[in-house]
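As C-alpha cells, the structure follows; a few thoughts come after it.
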Ligand SMILES: Nc1ncnc2c1ncn2[C@@H]1O[C@H](COP(=O)(O)OP(=O)(O)OP(=O)(O)O)[C@@H](O)[C@H]1O
Ligand SMILES: [Mg+2]
C-alpha cells in the first residue's frame with residue numbers, strides 16, 4: 001500500500017460523484033441517467049478503497065454485466081493502484097459465483113469439475129426429455145420450456161416447489177402445457193446426474209449453498225468487506241438475493257444503475273429490486289448524478305424527450321455542459337439493402353470530413369439478422385467492421401465438437417457432450433444404440449460411464465466393439481487431462497480423437513477454415529496456460545472460463561483494431577461511441593412485434609431505444625427502410641413510432657436522400673411538413689394500387705384483428721374489427737391509402753401478410 005496516498009484522481013470527479021466515491025461505509029445507491037459517470041464512480045471508488053482506506057483488493061467484490069466491462073474496470077483501477085488490482089473479485093455474477101461454486105461444489109453433491117451446460121445443451125436435453133415422455137415438441141417447444149424453467153429458477157422456484165404448487169399447474173394447463181412441472185423435474189434430475197449446471201443453476205445453486213450452509217455464507221460475508229454492483233437495474237431476483245445475503249453483515253454495499261435502461265425484464269430482471277433496496281436498507285444513502293459527460297446537448301435532450309413517454313419510471317433530470325452538437329440525422333431508404341448502402345456512405349463521408357477512424361462508429365440494431373445488409377455494404381466500401389455477439393467462435397460446430405471431447409474427458413457423466421461425440425468421427429455407433437444405452441442407464445440407475453464400460457451386456461456385436469474402442473480412447477484422454485497441462489492434453493485429444501484428421505482431409509475453403517478454427521482454439525488454450533494471472537491451469541478451469549463468456553465478450557481479439565462495431569442494442573449497454581447509427585427504425589422491428597403485447601412491454605422497448613440513443617457522443621443517425629425482407633418475404637414497413645416520439649427540433653433529414661416521400665409514407669409527410677415546412681402534394685389517385693407481384697388471395701377463415709392484409713385494389717391495411725352475422729363474416733379494414741372499408745369475406749380477395 002502506498003504511504004503518501006496520491007489522491008489526484010479525485011480531481012476527475014464532480015461534487016456528487018466525489019461524494020459517491022468517498023462515501024464508502026454503509027449502503028449507498030446511485031440511480032442516475034445514462035452517461036452520468038456511474039461506472040466511472042464505481043471504478044474510482046474501488047481505487048479509493050485500496051489507496052485511501054488500505055482495503056485489501058481480495059476483500060472487494062464488484063459485479064458487472066459483462067466480463068469485458070470487468071476487464072476494463074480492472075485495467076482502470078490498475079492504472080491508479082498498480083498490479084494489486086489483479087486480486088479484486090471482479091466479474092459477472094455468473095463468473096464470480098461459478099468460481100465460488102467450484103470450490104464449494106461438494107456441499108451440493110457436485111464434483112468441482114462440474115460441467116456448465118450452455119443454452120444449446122439445455123435445449124437439446126429438453127428436446128430429448130419431451131420425446132421420451134411421448135409429448136409433442138410443437139407444443140412443448142424446447143425454447144418455450146427452457147424459458148419457463150429458466151424463469152422459475154431465476155425466481156428461486158425449485159422443481160419441488162414448482163410441482164407442489166397448484167398455481168403453476170393451473171397456469172401451465174391453461175397454456176396447454178400441463179406436463180411442464182414433470183419436464184422441469186426430469187431436466188433438473190438429468191442435469192444433476194450429468195454433474196452439470198446450466199447458467200441459471202449457477203445463481204440458483206449459489207442461493208441454495210448460502211441458504212443451507214450458513215458456515216459457507218459466513219465465510220464469504222467475512223471475505224467481502226465491500227460489495228458493488230453495476231447495472232443494478234438488470235438484476236433478477238436470484239441475483240438480488242445473493243447480493244443481499246453477502247452484504248448482510250457488513251452492509252457496505254453500493255449499487256449503481258438506471259431504471260430508464262432496464263432492458264432485461266423479458267429475462268426476469270426486475271426493476272422492483274431498486275425499490276426494494278430502499279426498503280431493505282433504511283439507512284441507505286442515495287446519491288443523484290445528473291450531469292451527462294458523454295453526449296452532445298442535442299442527443300441528451302432527444303433521449304430525454306423519448307424516455308418521458310414512459311409512465312413507469314423514476315423521474316430524474318439529465319443535462320449536459322457539452323456542445324449543442326449536430327442534429328440527429330434521419331435516413332430513409334427504399335429497401336434494407338439501400339439502408340446498408342446509405343449507412344456505409346454516411347460513414348465513408350463522415351470519416352473523410354472529420355478525420356474519424358472506423359472505431360469511432362457503431363451500428364446498432366434490434367435483432368442480429370439485420371447485420372447482413374450492413375455487412376455487405378461495408379464490405380463493398382472496404383470499411384472494416386466487427387460483429388459483437390451473434391454466432392460466436394465457441395458456437396461453431398468444429399469448436400463445439402472438440403470441446404465436447406474435452407468436456408467428456410473431464411466429466412464422464414456429461415450426457416450432452418457424450419451424445420455429441422460418441423459417433424464422431426463415425427465409428428458405427430448409431431442413434432438407436434445410444435438411446436438404448438441411455439434407457440438402460442436410467443432404468444438401472446447406473447451412470448453412463450459404467451454402462452459404456454460394460455456395453456457388451458447391453459448391446460451386441462460390432463456396436464459393442466466400437467463402444468469398447470471409444471471407452472479406451474476416452475480413458476487415455478482422461479489420463480491426459482489429469483496428468484498433463486491443458487494445452488498438451490487438448491492437443492492430444494484433438495489428434496487422437498480423429499477430429500483433426502477429418503478436418504485436415506477436407507480441402508474445401510470451409511474445411512480449411514474449420515481446421516484453422518480448431519488450431520485457434522488450441523492457441524487459446526496455450527495462452528490460457530501461459531497467462532500468469534491464471535492460477536488454476538487445469539482443463540476444467542479453462543472450460544469454465546469459456547463457458548462463461550457472454551455474447552459481448554469477443555473471442556476474436558479485434559479490440560485494438562480499427563473497425564466499425566456492429567451489435568444489438570442489448571449488447572451495447574454501458575458502451576459509448578463517437579458516432580452511432582441505429583438502423584431498422586420500423587414498426588414491428590423496433591418496437592419489436594414479437595415483444596410487445598402490453599404497455600409494459602412497449603415501455604421496455606422504449607427503454608431499449610433510450611439505451612441506443614445514449615450510446616452516441618457526437619452524432620446520432622436513425623435509419624429506416626420502406627421495404628424489408630423478413631422471414632424470407634418482402635414486407636412493406638412503416639417508420640417506427642419511436643421516430644415520432646423524438647422532439648422534432650432535434651432531427652433533420654439526410655440531404656442525400658430522395659426528398660420526395662413515397663405515397664403512403666405518412667411519417668415522412670408529417671415530418672417534412674413540420675420540419676422542412678414544405679407540404680407534399682397528395683398522390684393524384686388515392687385508390688390506385690398495383691398488387692404485389694406475388695399477390696395471391698389467402699384463406700380468410702382464420703383472419704384475425706390486427707392482421708396486416710393486401711387488397712388488389714385498396715392496397716395495404718390492417719384488420720380493426722371482425723363481424724360475424726350468420727354465415728356472413730365481415731372485416732373492417734383500415735387501409736393506408738383507401739381509408740376504412742368493410743368487406744364481406746366470402747367475396748373479398750385478401751392476401752394476409754402475417
Ligand atoms: N467528472 C467527469 N469528468 C470528465 N468525464 C467524465 C466525468 N464523469 C464521467 N465522465 C465520462 O463520461 C462518460 C460516461 O461515463 P460512464 O460510462 O461512467 O457513465 P454511466 O453513467 O456508467 O453510463 P451508462 O448509463 O451508459 O452506463 C465516460 O467517457 C466517462 O469517462
Ligand atoms: Mg455504466
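Glycine is no exception: its Cβ is also placed from the backbone N, Cα and C atoms.
No curator has checked TrEMBL annotations; they are predicted automatically.
Features as listed in TrEMBL:
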type: BINDING; residues: 32, 33, 34, 35, 36, 37, 38, 39; note: ATP binding site
type: DOMAIN; residues: 11-296; note: domain 'UvrD-like helicase ATP-binding'
type: DOMAIN; residues: 297-574; note: domain 'UvrD-like helicase C-terminal'
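A Cβ within 8 Å of the Cβ centre of 32, 33, 34, 35, 36, 37, 38, 39, the residues given for ATP, is found for these other residues of the same chain: 258, 289, 292, 294. With a cut-off of under 6 Å between the Cβ and any atom of ligand 1, the binding-site residues 33, 34, 38 reduce to 34, 38.
Checking the binding-site residues 33, 35, 36, 38, 39 for a CB within less than 6 Å of any atom of ligand 2 leaves 38, 39, listed in sequence order. Remark: residue 33 (ATP binding site) has 258, 260, 289, 290, 292, 316, 317, 318, 614 as non-local neighbours, by Cβ distance under 8 Å and separation of at least 6 in sequence.
For residue 36 (ATP binding site), the Cβ neighbour count at a 10 Å cut-off comes to 28, with all displayed protein chains included. Within the same chain, residues at least 6 positions away in sequence whose Cβ sits under 8 Å from that of residue 32 (ATP binding site) are 38, 256, 258, 287, 288, 289, 290, 316, 318. Neighbour counts were taken as the number of other C-beta atoms within 10 angstroms of each residue's C-beta; across the binding-site residues 35, 37, the minimum falls on 37.
Mapped onto three states, the DSSP output places residue 39 (ATP binding site) in helix. A sphere of 10 angstroms centred on the C-beta of residue 38 (ATP binding site) encloses 26 other C-beta atoms.
Residue environment of residue 34 (ATP binding site) contains 24 other Cβ atoms, counted within 10 Å of its Cβ in all protein chains. Long-range neighbours of residue 39 (ATP binding site) (same chain, six or more residues apart, CB within less than 8 Å of its CB): 69, 73, 230, 256, 574.
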